[in-house]
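Among the features that Swiss-Prot reports, coiled coil is placed at 145-190, with the record citing sequence analysis. Sequence annotations record features per position, and here Swiss-Prot assigns disulfide bond to Cys223-Cys319, Cys295-Cys311 based on experimental evidence. Annotation source Swiss-Prot lists domain 'C-type lectin' at 202-320, citing sequence analysis. The N-linked glycosylation site annotation in Swiss-Prot covers Asn87, Asn113, Asn180. What Swiss-Prot lists as topological domain 'Cytoplasmic' is 1-43. Residues or ranges marked as topological domain 'Extracellular' in Swiss-Prot: 65-328. Sequence annotations record features per position, and here Swiss-Prot assigns transmembrane segment to 44-64.
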Amino acid sequence: MTVEKEAPDAHFTVDKQNISLWPREPPPKSGPSLVPGKTPTVRAALICLTLVLVASVLLQAVLYPRFMGTISDVKTNVQLLKGRVDNISTLDSEIKKNSDGMEAAGVQIQMVNESLGYVRSQFLKLKTSVEKANAQIQILTRSWEEVSTLNAQIPELKSDLEKASALNTKIRALQGSLENMSKLLKRQNDILQVVSQGWKYFKGNFYYFSLIPKTWYSAEQFCVSRNSHLTSVTSESEQEFLYKTAGGLIYWIGLTKAGMEGDWSWVDDTPFNKVQSVRFWIPGEPNNAGNNEHCGNIKAPSLQAWNDAPCDKTFLFICKRPYVPSEP
């Protein structure tokens, strides 16, 4: 870089750190005049030139310190500029580095933005999950409050339950009693219906005391037509009921035997208790008089009331049938 400054009679140049000072045109050399006849003019010119040189020297002497100060300032500025240039070079290098760094940072920023997008989506999902969880918590809280309320009511409910249980026990007992009473009423109704048809009831059986005498076989056929048989006797109480109801009249009962010397049996297939039956025969009976007394009847008004007789004789008769509950 070259800087030129003008002075009245000097030329000043700064080239890097080299400084030169010279007049624009070298002074004319002294010597004999080349042009004859012009000596005064030349002399005058020389004088003027001398004066100019003297003035230049004086001016240089006066201005030189100032110029030197300026040069010093210029050097300082040059050094500053050089430092700045170096700084600019360093700065350029840093800029390049920073540019590369910025590119890398741009990539990183893009990656960070992508990560932020992912994080944002995850955050939204998490937010949704938290909202759902909060809703569930509210539901659970309400449920817990309801449970707490119910827990507070448990003692009262337990007391009510115990009362209800006791009441249910009573109700079941009453229902049982009601069912039993209903069955009893139904049984009584069934009995009354049969009794209204001329039958008598005793300990689970119906007995029909006929008004018309028949032979033993005809009497049995009549009983069968009424869903019954000639009566059997299985206990002392039944024997007592029969002879008392008979009132001293003779009634065929279901006693019969097979053959001349056969064993006695009940026509309704009730097992015949020979040992027990001994107490129910009239003393001396059965005697099978005439060898044809194969059927039995009630003759005497006492426990010992049975008598054997011919089956073709006609007597009143007693039919017997068990009580069977009617359909609901």
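Yeah, the Cβs are placed from backbone N, Cα and C, and that goes for glycine too.
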At the level of the C-alpha atoms, what whole-angstrom distance separates Cys295 (disulfide bond) and Asn180 (N-linked glycosylation site)?
42
Of the recorded positions Asn87, Asn113, Asn180, Cys311, which one has its Cα closest to the Cα of Cys223 (disulfide bond)?
Cys311
Mind giving me a neighbour count for Asn87 (N-linked glycosylation site)? Other Cβ atoms within 10 Å of its Cβ, every protein chain shown.
12
Which of the listed disulfide-bonded residues (Cys223, Cys311) has the least company, meaning the fewest other Cβ atoms within 10 Å of its Cβ?
Cys311
Tell me which of the disulfide-bonded residues Cys295, Cys319 sits in the most Cβ-dense spot, judged by other Cβ atoms within 10 Å.
Cys295
How many neighbouring Cβ atoms, not counting its own, are there within 10 Å of the Cβ of Asn113 (N-linked glycosylation site)?
11
Provide, as an integer number of angstrom, the distance between the C-alpha atoms of Asn113 (N-linked glycosylation site) and Asn180 (N-linked glycosylation site).
89
Between Asn180 (N-linked glycosylation site) and Asn87 (N-linked glycosylation site), what is the CA-CA distance rounded to a whole number of Å?
122
For the C-alpha pair, I'd like the distance in angstrom between Cys311 (disulfide bond) and Cys319 (disulfide bond), rounded off.
16
Can you break down the domain 'C-type lectin' (202-320) into helix, strand and coil residue counts using DSSP?
31 helix, 34 strand, 54 coil
Rounded to a whole angstrom, what is the C-alpha distance between Asn87 (N-linked glycosylation site) and Cys319 (disulfide bond)?
147
Here the mean pLDDT of the topological domain 'Extracellular' (65-328) is 89
What's the number of neighbouring CB atoms sitting within 10 A of the CB on Asn180 (N-linked glycosylation site)?
10
